Amino acid sequence: MTRTDPPPEAAGPGDTSARAEMVAARCEALAALSDEPGRLSRPYGGPALRAARDMVAAWMGAAGMATRRDTVGNLIGRVDAGDPAGAAAPTLLLGSHLDTVRDAGRFDGALGVLLAIAAVERLRLDVRRPFAVEVVAFADEEGLRFRSAYLGSRALAGTIDAAMLALEDASGRSVAEAIRDYGGDPSPAGLATARREPAGIIGYVEVHLEQGPVLERLGAPVGVVSAIAGQSRIAVRFAGEAGHAGTVPMGSRRDALCAAAEFVLAVETAAADGADRGLVATVGQLAVAPGASNVVPGSVALTLDARAPDDRGRETLVATLREAARAIGDRRAVAVAWEVVQRAPAVACDPGLTDRLAAAVTSLGLPAHRLPSGAGHDAVALAGICPVAMLFVRCAGGVSHHPAEHVATPDIAIALGVADRFLADLAAAPRRGRAPSTSPRRPPEPRMATFDLLVRGGTLVLADRTVRGDLAALDGRVIALGPDLAGPAREEVDASGLHVFPGVVDAHVHLNDPGRADWEGISPGTAALAAGGATTACDMPLNSLPPTVDGAAFDAKAAAIAGGARIDLALWGGLVPGDLDRLDELAERGVVGFKAFMSDSGVPEFPAADERTLHRGMERAARLGMPVAVHAEDDGLTRRLAAAAVAAGRTGARDYGASRPAEAEITAIARAIALAEETGCALHVVHVSTGAGVALVAAARARGVDVTCETCPHYLLLDEDDAVRLGTLAKCAPPLRPAAEVAALWAALAAGDIDWVASDHSPSPADLKAGRDWFAAWGGIGGCQTLLPALLTAGHHGRRLPLRAIASLTSGAAARRFCLPGKGALAVGQDADFALVDLGAAWDLTAEDLRSRHRLSPFVGTRFRGRVVRTVLRGITVARKNEPVGPPIGRLLRPDRRQSA
């Protein structure tokens, strides 16, 4: 951070030109305070903001103002009323913000604060003034650090909520922690000290550079803001079908990019038709997949930003464009997903204060141009408690949020003159028999919250308890939990008699796409997951072609996910013999960890990791701060026993089980733990099938090793006798175990020694599971759709495991371990991912119930108790009563390592 001493005071309160020069010089002095060398960046709570606050506090003091800081760090300078009303007089708020965007200009925010100080320095000389004035230098308006705007002004408005306090910056510090770091108190009692009572406020007036070219085109130095535009930000996805650019005829194409291009032109046309009403719309981002020159685009994701000074016009524009997207999709046979990411209402500036500003402009012999603001300002947050008004000042070229941002000093002088006239007129108003503002100074009518989704009357399965209540979602996140939530919603769901579970996070699935989509595929696999209550899954690196062992393979799988996934998917990377630098590529792209086989994987393109590979891979993963997951069976032992059995013609269910004994798992787990302990690598052991294996993990964890483990429903509900009964349909690795091992696993679950349960969904075509030779059949079980019902049936109803334990085993624990942002819990600020479950429903699984490509499951015919009736992903229903709903809206999910694992 660079610091420059404040400039010498060269102007008294009466010389407007000199005062303007002082304001400009002070803007330059503040611009020298930055947390990044070579460019202006002043985020909330940083050293530069602290220095700026101290510098501005000194200028406030020199202007005769008493200064204080509130609990979030807003700096407030006050001059009391000058008439006998004294402390009982109402208060006029002026100001703007001191924080900046990254690589900012010198005038955004700072101009409004410093011009207000100069105006108040002159105003305080009027001893008859019947109101107090406070200049507020807001600590955070831009939201650079936490990507959420108006922290400072929301503190005054009393609208900081738990979701905002939970937001985290890039280092993992939350808003609440940052407030404490800044010397404040984020508790409800602490925040209450910053909240202002509406009855005591005349209004809020802000001077701000225009951030646009309108005033410059009009040749006007200032303009009066009529309204602050409302904004809708929408994520739109067109999902067609990828194909070879040379072989797919034009008439047979489902080209997502052509659909997107047509939509972009529709956006331009619709917004242009409403330009006279202040409508603007922008498509600012567009991502094409797979993004190859010789492939017909299969999917396109884009963003739509629509703004207007009135909400009805904006909502009409959005509705028109949504219908246009639907019509384009229907005509081109392309699926369309539409998700509202952000919605902010328009704010109309107060007529009384705005008229006074306009009168002050015309008193200087200038036309009072009125124009809307397309950008947001602190006035948006304060409009909830008091009248607001704004004065725009011309900026060169309309440039803002950029080092080239500039406001000419003569224009600052005119803006200062307007502020002087406005304040003088307001101070004189009572002596002319008029109220200081034509708007009443009373609390506004309570505003009812608007929700996208309101789930009423369900039983919420929270991390620490189960409670009856409602769940409200807005813009894809949970914004409220509690009894009898008030407010209109775009969709209401009656959850009476149902339990609301956090969306299942299945940490172990094989969707086999790309390359072996005929085995499963992204679309049917995620449809099955959604039908079973899952909203997130972690896809394993093998069985797809190519396997996910390098950056290019990751990109290929990401392209397969785009436009086809019905739930969010995270990806595992592969640890195989070869160039370990590929692990860095995978880490950079966002895998959750690295999967290694300690025995034959069953597919030649994903060889087992030998001792040297595993050791070096764990060392590399430890340096990257990422876990390694192991399929733990001893390769030498299993190969030797399998070869002997096949040579002797013993190829039945019990022969296969005997070739992969408990000893093979226990030996491999012990070796993996030893390597993890030596290298410091975080270890995860997948599909543990023996009680002794779990005991090894628990003992290692007790001595400080960072190790977790999972088991699977088939190891909890089936045993070796079921393998004989079911045939090769039940082949898996490790194999189904004796009933005593099943009992040991349940005991370990109850004791908390098994961290979670995952499906290890690994389907294949029926012909690969056919025949009586257990060594020749494919070793995998399809089970993702029945993960939650299996745990409810055998765990809750059968063994009285608490529902909150079921939620942790199927969702929360894996989400925490792999740092999956927004996932794993019903909590304010988390993704609105949940499953509605009829806990008492008894039902028999049929093959027709299954949504996988190949409707094979060893659980067909099983009676379950507890059925998923609806699955919701980010506030949008993706499955209802076993059927997929709407277009695929799943996303590629990357871990956020700032979260605690």
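Placement of Cβ uses the backbone N, Cα and C atoms for every residue, glycine included.
Note: TrEMBL annotation is automatic and uncurated.
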Return the residue out of K595, K823 that TrEMBL annotates for the same Zn(2+) 1 site as H508, H510, D760.
K595
Please state which member of H631, H761 TrEMBL lists alongside K595, H687 for binding Zn(2+) 2.
H631
DSSP three-state assignment for H687 (Zn(2+) 2 binding site):
coil
Hey, how far is D760 (Zn(2+) 1 binding site) from H687 (Zn(2+) 2 binding site), Cα to Cα, in Å?
7
For the Zn(2+) 1 site given as H508, H510, K595, D760, which other residues of the same chain have their Cβ within 8 Å of the site's Cβ centre?
V509, C538, M540, W572, V686, H687, A758, H761, S762
CB-centroid shell, 8 A cutoff, Zn(2+) 2 site K595, H631, H687, site residues removed:
H508, M540, F597, A629, V630, A632, V685, V686, D760
Nearest-integer angstrom distance between the alpha carbons (Cα) of K595 (Zn(2+) 1 binding site) and H687 (Zn(2+) 2 binding site):
13
State the three-class DSSP label for H631 (Zn(2+) 2 binding site), counting H, G and I as helix, E and B as strand, and everything else as coil.
strand
For each of the binding-site residues (H508, H510, K595, H631), count the other CB atoms lying within 10 A of its CB, then report the residue with the highest count.
K595
List the same-chain residues at least 6 positions away in sequence whose Cβ sits under 8 Å from the Cβ of H687 (Zn(2+) 2 binding site), in sequence order, or say none.
H508, H631, E710, T711, C712, Y715, C732, P734, A758, D760
